[in-house]
């Protein structure tokens with residue numbers, strides 16, 4: 001049998017407000033006087049008088065005056081729903097608390113579930129709306145939920161509560177929460193976030209997702225709610241409301257209660273309370289375990305108060321086992337279906353032991369230190385005190401009997417895991433803080449996760465990116481570069497010496513970067529590869545490279561990378577790539593004709609003519625590093641003597657550093673080197689800074705130059721700088737013989753003169769003072785010049 005009852009007071013509907021103010025002292029005193037009079041008038045011994053309507057009208061009028069005096073704030077309409085004897089023990093203290101603060105709250109109660117079955121408590125009511133579903137199986141539970149969903153909307157429409165208080169994890173509570181959520185009624189869920197190891201977990205967590213506010217009992221439950229993405233500001237750690245009643249219970253006449261339920265001659269600590277429910281996900285095992293429990297209790301031969309199980313699926317089979325064993329007529333057993341909560345408290349407090357799988361055993365009983373035997377997995381996730389002995393696999397009578405011998409008659413310290421007796425005041429304060437003007441829609445606090453790629457066109461344009469690969473003589477760099485030229489992320493590895501290792505590393509770094517680009521919300525459109533040597537960009541093939549990059553001749557770079565990433569791939573010489581970058585993002589932006597010259601491990605360059613990159617017939621255009629400036633100069637890695645690269649490249653600077661080290665002329669002062677340490681240009685710069693005359697002479701007077709020096713030549717087609725806005729020669733021009741320098745300048749001036757013939761303005765002059773300033777700053781401070789590169 002399943003049903004529903006509601007009680008609704010007549011009232012005027014005032015406008016809803018967000019906060020609730022305390023009435024002034026005078027109004028509060030009037031309310032207390034009226035409440036005292038009303039309670040006296042409605043005692044069971046006092047029948048309803050003929051002037052009841054008058055007193056109701058007077059009370060309403062006084063309440064209205066009090067609310068008008070305090071800013072027209074009205075009471076918070078709270079509806080409390082109770083489904084069974086278990087949740088009533090938690091909700092009753094809250095209901096009494098709401099009633100005690102009638103100046104703030106207007107209480108309505110919805111009663112349903114097993115309360116309306118005669119065997120479990122209620123004996124009938126003129127306001128009963130029958131929703132009867134007979135049977136204790138899975139289908140009956142589902143039908144009960146469905147029937148409640150049909151009946152509840154009418155009840156809630158009549159009551160129109162501001163907030164619905166729902167407890168626990170019963171299927172009846174799920175129907176209540178579903179109805180309230182769909183009717184835009186705020187829900188306060190009691191005891192969310194707990195774990196019990198049965199289907200109740202799923203129902204409890206489902207109610208948590210429907211609820212707007214949460215009252216939890218333990219710190220662990222609070223953390224579970226936060227982990228479930230509930231708003232921390234809407235979670236109250238109050239403790240279990242039933243503890244307010246448990247810890248304040250001082251009924252000295254507990255002997256009469258024991259005699260009432262267990263018979264004459266039974267003393268405290270000499271009886272057992274048994275309460276076991278079916279596990280709906282494993283009914284067969286539940287029934288078997290219940291049968292073993294009864295056999296163990298019969299063998300233990302102690303007076304036992306056994307309560308009937310909940311009306312869940314499987315309870316009918318358990319009751320059948322009880323009757324089969326004659327428990328209802330056994331001299332040691334008292335079988336009952338319901339015990340009033342106040343009396344049940346006293347029975348628990350003075351029992352010798354409690355056995356079963358009820359949540360009461362692991363929660364409330366701990367307040368008294370009464371020994372508990374928890375059978376099976378029904379409460380496997382609950383926090384328990386030391387008074388609880390778990391028998392997870394209760395598969396034999398002997399095992400249960402041994403647990404009874406261990407626990408019976410013991411006294412444990414009182415546990416307050418689930419509360420300290422002050423839950424109700426915290427809950428009432430929390431209710432007063434609820435702002436009814438706050439948006440009803442819940443906000444879930446999801447953890448930070450990577451965002452999915454947006455399909456919005458503006459976002460797509462903003463996130464378009466490319467993979468840039470810079471294959472230098474020393475390092476291999478891969479970067480995710482946005483269409484604005486911003487480097488999103490960069491990866492650097494040493495350039496391997498062999499072809500196979502180099503290709504493998506390029507593929508590995510590109511695949512890693514492409515994968516991370518998804519996490520960074522970047523859309524990779526293609527791959528650009530910059531490498532030293534002579535490159536055919538149309539085929540994506542490195543035709544020839546110097547000794548700086550070994551085993552790097554006739555190499556197809558486009559095919560393996562395009563096949564691995566399924567993206568278009570562009571391959572070109574590093575100097576040409578630098579020129580393209582300057583035209584797109586740097587000093588060459590908006591300029592039709594300019595030259596870019598870069599230095600690093602080697603020296604290269606690129607030419608932009610009429611906004612087009614010049615490759616030359618054999619892809620050798622702008623190979624400025626291999627212009628011979630001295631026939632008897634040092635040998636270059638290309639095989640010739642006297643190339644600019646032999647004077648101003650990073651390898652040349654490293655060569656001179658090694659010479660000084662071999663002559664024991666490099667180290668000075670506090671400088672030190674490890675035995676296996678490789679000599680680099682950095683050692684030369686450090687020695688020069690510390691006062692090594694020879695090193696300083698090399699840096700300043702021109703035997704070589706530090707790595708990463710750049711030559712950047714730019715012409716601006718603008719008025720201020722006329723033809724050539726600025727020419728920076730950032731290598732040590734004193735290093736190169738004068739005839740070689742003159743030859744380089746003739747090449748540059750010839751290029752400028754051709755531009756002039758096309759109608760451009762006259763060229764600007766070479767500013768030697770700025771050139772020298774940049775040389776010293778670059779060598780002394782390790783600064784890069786303004787040439788675009790990774």
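Glycine is no exception: its Cβ is also placed from the backbone N, Cα and C atoms.
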Suppose you had to name the range TrEMBL annotates as transmembrane segment; which of 718-735, 736-753, 754-771 would you pick?
736-753
When the Cα-Cα distance from residue 643 (Zn(2+) binding site) is computed for each of the binding-site residues 534, 574, 623, 626, which gives the smallest value?
626
So, three-state DSSP: helix, strand or coil for residue 623 (N-acyl-D-mannosamine binding site)?
coil
List, in sequence order, the same-chain residues at least six positions removed whose CB sits under 8 Å from that of residue 626 (N-acyl-D-mannosamine binding site)?
636, 638, 640, 643, 644, 645
What does DSSP call residue 636 (Zn(2+) binding site) in the simple three-state scheme?
coil
